[in-house]
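What follows is a short report on a single structure.
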Amino acid sequence: MARGFPGGIHPLSHKSATADIPSETCPLPDELVIPLAQHVGSPASVCVLAGQRVTRGQTIGRANGFVSVPVHAPTSGLVTAVEPRPHPCGAQLLAVVLQPDGDDAWGEEYLGQGFHVLTVEAMLERIREAGVVGMGGAAFPTHVKLDPPEGKPIDTVIVNAAECEPWLTADRRTLLEQLEKVLTGVEVLQKILNARHLWIGLEDNQPDTAQRLASRCRQRGIKLAVLPARYPQGAERQLIYAITGRRVPARGLPMDVGVLVQNVGTVAALTDAVTRGRPLIERMVTVAGGCVEKPRNLRTRIGTPVAHLLAYCGLRDAPAKVIMGGPMMGAAQHSLAVPVLRGTSGVLAFRREDLVDGQPGPCVRCGRCVAVCPMHLLPTYIADYARRDELALAERFAARNCIECGSCSYACPARIPLVQSIRYAKGAILARRRRS
Ligand code: SF4
Ligand code: SF4
């Protein structure tokens with residue numbers, strides 16, 4: 001146990017700004033923008049019209065196939081439009097625009113119900129109907145992960161609380177403030193999968209959380225793995241290896257080695273789904289960065305515009321860069337009108353002086369990118385092939401195995417944007433395969 005993983009980096013954590021501040025509820029904005037596409041798989045199909053009134057938790061988009069989930073109204077109010085709006089992916093995508101009416105009451109169907117009497121199928125159905133997806137950023141539908149194919153039994157469940165991205169503390173606050181909900185969620189997962197080994201994995205930079213968890217976990221038969229803080233400790237493969245010693249094949253999935261990993265927020269959300277029939281309409285979001293006056297964690301309704309979060313926390317200056325997610329794997333935003341999605345763990349706003357300046361230089365062959373790569377790749381070669389569009393060579397050097405953690409770019413003294421080039425190569429290789 002706690003065997004670490006190859007490579008990795010130690011970026012400044014910047015977590016002290018928000019780690020010990022209790023979360024707050026973000027006030028409702030004047031307008032919520034709820035995209036139909038906020039998960040891996042087919043976008044939901046809209047099932048409301050402009051001019052229609054909806055209750056909190058009402059389905060406004062139906063799931064579109066097995067790898068899809070429904071979308072719900074985050075509060076009660078009036079649907080003012082169903083139209084394309086700016087999406088964090090950079091495109092304009094179809095969204096339901098909702099004007100809150102201030103009532104905010106749950107619809108009648110969302111009353112508390114016990115779960116111990118439910119069948120596995122009924123629990124999976126509730127998780128699907130609640131729109132639960134991976135809240136660590138991947139946004140993969142949870143009911144699909146919990147229903148592995150024949151011949152892929154899962155004996156180990158790991159709750160991923162190894163929040164290794166700098167600045168982000170949303171998972172920490174969720175774990176501390178919603179501990180009982182998380183522990184019940186582990187029980188639900190155990191019941192669904194009949195798993196024998198239950199783990200919560202977190203980094204050793206939060207000893208207070210580990211101490212608080214220790215006895216509660218023991219009582220529930222859950223083991224606690226306190227791992228050395230190192231990025232990307234929270235990446236699925238690295239976490240699985242550190243805790244179980246099992247290696248997920250390069251192009252394989254955790255279920256190939258009998259493991260399921262779920263983010264802390266997801267586990268809390270599936271408890272709400274199974275025990276109360278409540279859909280995923282709110283999540284913890286870290287709002288931080290050098291530009292933010294009062295950094296904190298906000299319990300935020302899905303669809304809240306980033307501009308509203310930043311205005312609530314206050315800005316020191318006009319931000320030079322806004323990132324959704326963490327600084328290592330998050331995505332820079334082109335507009336503050338983009339909404340918080342189910343997979344949005346953080347909104348970070350930076351001033352110009354917070355950003356790394358300077359043009360990339362030539363490779364000095366120092367090998368640091370190779371030393372830090374947790375996937376044993378040769379980032380400098382792959383990035384070079386990508387820049388020259390030599391995709392066959394990039395593929396031969398296993399570009400597709402890259403988990404896009406950004407450790408290589410971070411470590412490079414020449415500031416070569418390695419991960420951006422490798423990401424391009426991965427996309428181009430996949431596009432070429434689809435065409436052929
Ligand atoms: S090549 Fe990919 S996996 Fe390796 S360090 Fe760079 S971004 Fe991470
Ligand atoms: S870290 Fe940068 S400079 Fe060093 S070998 Fe890799 S690409 Fe070249």
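Cβ coordinates come from backbone N, Cα and C, glycine included.
Caution: TrEMBL annotation is automatic and unverified by curators.
For reference, TrEMBL has these:
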BINDING   Cys363, Cys366, Cys369, Cys412  [4Fe-4S] cluster 1 binding site
BINDING   Cys373, Cys402, Cys405, Cys408  [4Fe-4S] cluster 2 binding site
DOMAIN    352-384  domain '4Fe-4S ferredoxin-type'
DOMAIN    393-422  domain '4Fe-4S ferredoxin-type'
REGION    1-21  region 'Disordered'
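Each of the binding-site residues Cys369, Cys373 was ranked by the number of other C-beta atoms within 10 Å, and first place falls to Cys369. Shown for the domain '4Fe-4S ferredoxin-type' (393-422): DSSP residue counts in helix, strand and coil, namely 17 helix, 0 strand, 13 coil. The two recorded residues, Cys412 ([4Fe-4S] cluster 1 binding site) and Cys405 ([4Fe-4S] cluster 2 binding site), show a Cα separation of 14 Å. Comparing Cys402 ([4Fe-4S] cluster 2 binding site) with Cys366 ([4Fe-4S] cluster 1 binding site), their Cα atoms are 20 Å apart once rounded. Proximity to ligand 1 at the level of Cβ atoms, with a cut-off under 6 angstroms, picks out Cys402 from the binding-site residues Cys363, Cys366, Cys402. Set side by side, the binding-site residues Cys363, Cys402, Cys405, Cys408, Cys412 differ in how many other CB atoms lie within 10 angstroms of their CB, and the most is found at Cys408. Sequence-distant contacts of Cys366 ([4Fe-4S] cluster 1 binding site), defined by Cβ-Cβ distance under 8 angstroms and a gap of at least six in the same chain, are Pro413. With helix defined as DSSP H, G or I and strand as E or B, the region 'Disordered' (1-21) counts 3 helix, 1 strand, 17 coil. Secondary structure from DSSP puts Cys369 ([4Fe-4S] cluster 1 binding site) in a helix. Spacing of Cys405 ([4Fe-4S] cluster 2 binding site) relative to Cys363 ([4Fe-4S] cluster 1 binding site) is 20 Å (Cα to Cα, whole number). For ligand 2, the nearby binding-site residues are Cys366, Cys369, Cys412; that is, of Cys366, Cys369, Cys405, Cys412, these have a C-beta under 6 Å from one of its atoms. A gap of 4 Å separates the Cα atoms of Cys369 ([4Fe-4S] cluster 1 binding site) and Cys408 ([4Fe-4S] cluster 2 binding site). Excluding Cys363, Cys366, Cys369, Cys412, which define the [4Fe-4S] cluster 1 site, the same chain contributes Val364, Arg365, Gly367, Arg368, Pro379, Thr380, Cys408, Ala411, Pro413, Ala414, Ile416, Leu418 within 8 Å (Cβ to the Cβ centroid), listed in sequence order.
Cα separation, Cys363 ([4Fe-4S] cluster 1 binding site) to Cys373 ([4Fe-4S] cluster 2 binding site), rounded: 16 Å.
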